[in-house]
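Annotated features, as they stand in TrEMBL:
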type	residues	note
TRANSMEM	32-54	transmembrane segment
DOMAIN	36-496	domain 'Major facilitator superfamily (MFS) profile'
TRANSMEM	74-95	transmembrane segment
TRANSMEM	102-121	transmembrane segment
TRANSMEM	127-147	transmembrane segment
TRANSMEM	159-179	transmembrane segment
TRANSMEM	191-209	transmembrane segment
REGION	216-269	region 'Disordered'
TRANSMEM	315-335	transmembrane segment
TRANSMEM	355-374	transmembrane segment
TRANSMEM	381-399	transmembrane segment
TRANSMEM	405-428	transmembrane segment
TRANSMEM	440-460	transmembrane segment
TRANSMEM	472-494	transmembrane segment
Amino acid sequence: MYTSHEDIGYDFEDDPKDKKTLKPHPNIDSGWAWMVVLSSFFVHILIMGSQMALGVLNVEWLEEFHQSRGLTAWVSSLSMGITLIVGPFIGLFINTCGCRRTAIIGGLVNSLGWVLSAYAANVHYLFITFGVTAGFGSGMAYLPAVVMVGRYFQKRRALAQGLSTTGTGFGTFLMTVLLKYLCAEYGWRNAMFIQGAVSLNLCVCGALMRPLSPGKDRNDAGGKDPQVVLAPSPGSKSSGPPGGAEEKGAGPGNEEQPGGDLPAQAGPEKAEGTQNLCALRVLKTASQLTVRVRRGFRDWYSGYFGTASLFTNRMFVAFIFWALFAYSSFVIPFIHLPEIVNLYHLSEQNDVFPLTSIIAIVHIFAKVILGIVADLPCISVWNVFLMANFTLVLSIFILPLMHTYAGLAVICALIGFSSGYFSLMPVVTEDLVGIEHLANAYGIIICANGISALLGPPFAGWIYDITEKYDFSFYICGLLYMVGILFLLIQPCIQMIEQSRKKYMDGAHV
């Protein structure tokens with residue numbers, strides 16, 4: 001799906017006769033590949049971890065701006081939602097510029113969003129600076145981190161993706177503690193300013209995403225030719241362009257001219273040759289850039305809008321509906337739990353060990369455990385995926401009934417463990433659409449998750465503004481989540497019925 005001239009995993013042989021022969025890159029599954037995993041791990045910490053810790057800032061914004069909970073929750077949900085929703089469109093940048101440049105630019109944009117948000121005068125200002133700007137920058141840095149791990153690994157791709165995505169759990173724990181400390185010591189505005197400086201480390205992570213093609217990273221990473229030396233060495237015959245100063249000065253006729261006239265003649269001719277060479281360089285660079293942009297747009301368009309067969313797969317369409325309802329049930333606790341703790345007068349206990357940190361820590365181990373269980377030959381990945389979803393729905397329904405710190409801690413642990421199914425989503429998607437459509441299909445699923453993250457927290461805030469309780473928001477989200485699971489269960493039954501009917505009709509015709 002996302003391919004550029006910088007990020008090819010195999011190199012073509014130099015011999016024209018062997019153009020169809022591919023040799024594996026030595027860094028595949030080893031070497032620098034693990035540095036890419038480390039880079040992706042820190043990207044997950046800085047982006048997904050900080051977004052899951054936004055509940056700390058949500059409380060500060062409520063106290064500062066005195067707006068409704070539904071309106072204030074839009075700030076966090078915009079940042080989370082846009083990070084995922086723009087995923088399919090960031091592919092255009094990756095196809096054109098490569099993963100490294102896209103991630104570095106994303107780090108700069110994300111940092112700018114944090115810094116500008118420190119000067120917010122109202123919630124609507126945060127919609128633009130934090131929700132849109134920081135969210136778009138997060139999307140530009142997040143997607144290359146996932147894509148590059150997939151390019152550097154083949155045999156150990158599942159292990160590498162699992163290790164890199166555990167950064168979300170570590171980041172949620174670390175960023176929650178960091179933001180709470182910064183807000184307490186320096187205030188939320190200075191905390192966001194400091195977090196903007198921390199986010200510049202995304203540029204370092206992007207720089208570690210070294211393209212696989214060995215020569216193009218160093219010499220031709222920007223699509224430009226190596227620098228042409230205008231002045232030849234004393235031993236060379238003619239290294240300049242035709243008609244240039246070097247050829248004019250090397251002719252035998254020049255021996256008859258006075259020595260004082262040679263610089264006067266060579267000066268204008270050399271300047272003219274240099275100008276022509278610079279003009280040719282500019283034209284060549286512009287032509288190459290145009291070709292790259294057109295090729296990147298063509299690949300991006302065909303990857304998403306040319307795969308209509310995905311939407312004829314009714315099971316995959318049901319999976320999209322599930323993704324629209326599922327992710328909000330995981331995001332809402334992170335955004336609203338800090339305020340729920342304040343409403344229940346449990347702030348002192350929560351300050352010792354935040355409930356969101358419990359979710360994050362258990363989530364780390366859950367990804368590894370569920371991945372190991374799903375790999376067992378006697379167990380179906382699909383069954384593990386469904387059981388984890390049912391456990392998460394049950395936890396969402398029970399959460400409003402708990403009013404003690406111990407009870408909330410147990411439910412948060414269940415939420416963290418059951419949400420470990422995120423590591424199984426690529427595997428389930430591949431089972432539904434096949435390996436050839438995995439990248440496109442997973443981009444659509446991520447986009448659906450982004451819509452869920454965008455609408456879920458404000459919806460929960462609006463329900464509180466109407467009922468003055470968070471209970472009904474969890475119940476409604478749990479019901480919608482259950483509807484999404486029912487879509488997954490009903491579609492296989494419909495397919496079985498249709499297959500049985502088709503076999504019956506075929507037998508009747510015979």
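Residue positions begin at 1 at the first shown residue.
Including glycine, each Cβ sits where the backbone N, Cα and C put it.
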For the transmembrane segment (102-121), distant same-chain residues with Cβ under 8 A (at least six beyond the ends):
43, 47, 90, 93-94, 129-130, 132-145, 189-190, 192-193, 195-197, 199-207, 209
Per-residue pLDDT averaged over the domain 'Major facilitator superfamily (MFS) profile' (36-496) comes to what?
78
With an 8 Å cut-off on Cβ pairs and a sequence gap of 6 or more, do the transmembrane segment (159-179) and the transmembrane segment (472-494) reach 3 or more such pairs?
no
Under an 8 Å Cβ to Cβ limit, what residues of the same chain, 6 or more beyond the ends of the transmembrane segment (405-428), are close to it?
158, 161-162, 165, 169, 319, 330, 333, 337, 341, 344, 346, 349-350, 355-356, 358-363, 365-367, 369-371, 374, 381-382, 384-385, 388-389, 391-392, 394-396, 398-399, 438, 442, 445
